[in-house]
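A quick write-up on the structure given underneath.
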């Protein structure tokens, strides 16, 4: 009988063990609710971190695109400026060459005209001398 009574007492929960059991149940339920809230907050933080990563990726692509466009524009502007400078230099050189050629042609024409005038004067003098010699003879 002593043994059975001991077993019954052992099996029958006391008020203290009941309250500790209910507090452990409530603590386990609160810990499960806190773990579910922590998992939901971790999922929301992971989704927000995914959003942040997505924004960083988009901003990175946009920055890369902007840098590429700026580099292309700068290269195009530099090429256009170099081409314009080369064209201007070539045009100036051609104008100088044309002016030199024109001046040379004008000088040659003047020399030819002077030579022709001198030749005509010499021919006229010779003809006049010949006519005078023929008349005098």
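From the backbone N, Cα and C atoms, a Cβ is placed for every residue, glycine too.
Per TrEMBL, the range carrying the annotation region 'Disordered' out of 1-51, 52-102 is 1-51. Per-class residue totals from DSSP over the domain 'ABC transmembrane type-1' (62-137), listed helix then strand then coil: 75 helix, 0 strand, 1 coil.
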